[in-house]
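Trainee: Below is one structure. I have some questions about it.
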DNA sequence: AACCAGGACAATC
DNA sequence: GATTGTCCTGGTT
């Protein structure tokens, strides 16, 4: 553990910041239909464009976080209480797996500037904790979606496959295929970037970088003191109807409800038309089917099959067509 | 073309 | 046995 991964720090920005707009959890602003990248009129969206927080690439986020730790470790004696205090990081900030602070060029010398630097650091830190919170939140969302643990070390070979498939879709990576089959999360974590590249010359480095982010997130989660509010918006403990009862295979209707409960993330794919009556509309049948396929490890899933399964619920009285039947609109028989 | 309904059968747990 | 994935036919929007 704790091995640094120099490869990550040298990865081209564009490599990681290329999420599939269709799968990305998405615009933070439900009013704008902008998903960051898609119909943006200007040519290839540049990283500098005001993309939603989402398009900020994860590594940059964590990298910035490291700056905060680095500066904090040197220059800030106490005061952690106000911030919720990462007691531990205070003493001797252990090296976060993903981060290699080398060459950050951050020193505290330069007395005159110190006060203003302090201020900047302070606000920077606030932004950073928000950003890190977002990263953790997104990872958590992925965990729920895929029904896998947050810590890659806990993944079974099946979990690894799911994660790879998901990452591949999410970031539009070239087909990775079965190069990582039979590997557990622990095996994966123990692999170097070179070993990743051997298995997947096309995108082993990117995959390795993404895994590093997950490892870092797990590391942060573990290190954060209980009651630490810094990353609270990640809502790790948030148990809002997580229908995926541990270990139990999830049912399609549960999965649909899960998506419906996160309009923030999936409102573009599926949304309530009338929550009280349990009426919902599938806005993007292909994407919902794709998510379901990923969740169930059924790469061949499509809306045709998914809808057949929904129709099976008619007889069981779980889902039905609403009184006024509309395309892609269904109704939970027992809302709530 | 995409969606809908439902039969039939297989796979999986 | 329950659930759902797959394939299919045929109808509707």
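Glycine too: its Cβ is placed from the backbone N, Cα and C atoms.
Pulled the feature table from TrEMBL, pasting it below:
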{"type": "COMPBIAS", "residues": "A:1-12", "note": "compositional bias 'Polar residues'"}
{"type": "REGION", "residues": "A:1-49", "note": "region 'Disordered'"}
{"type": "COMPBIAS", "residues": "A:40-49", "note": "compositional bias 'Pro residues'"}
{"type": "REGION", "residues": "A:74-93", "note": "region 'Disordered'"}
{"type": "DOMAIN", "residues": "A:134-218", "note": "domain 'PNT'"}
{"type": "DOMAIN", "residues": "A:250-333", "note": "domain 'ETS'"}
Trainee: Tally of helix, strand and coil residues over the domain 'ETS' (A:250-333) according to DSSP?
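Mentor: Taking the domain 'ETS' (A:250-333) as a whole: 38 helix, 15 strand, 31 coil.
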Trainee: Need one number: mean pLDDT over the domain 'ETS' (A:250-333).
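Mentor: Mean pLDDT for the domain 'ETS' (A:250-333): 93.
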Trainee: Report the DSSP secondary-structure composition of the domain 'PNT' (A:134-218) as helix, strand and coil residue counts.
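Mentor: Tallied per class, the domain 'PNT' (A:134-218) gives 58 helix, 0 strand, 27 coil.
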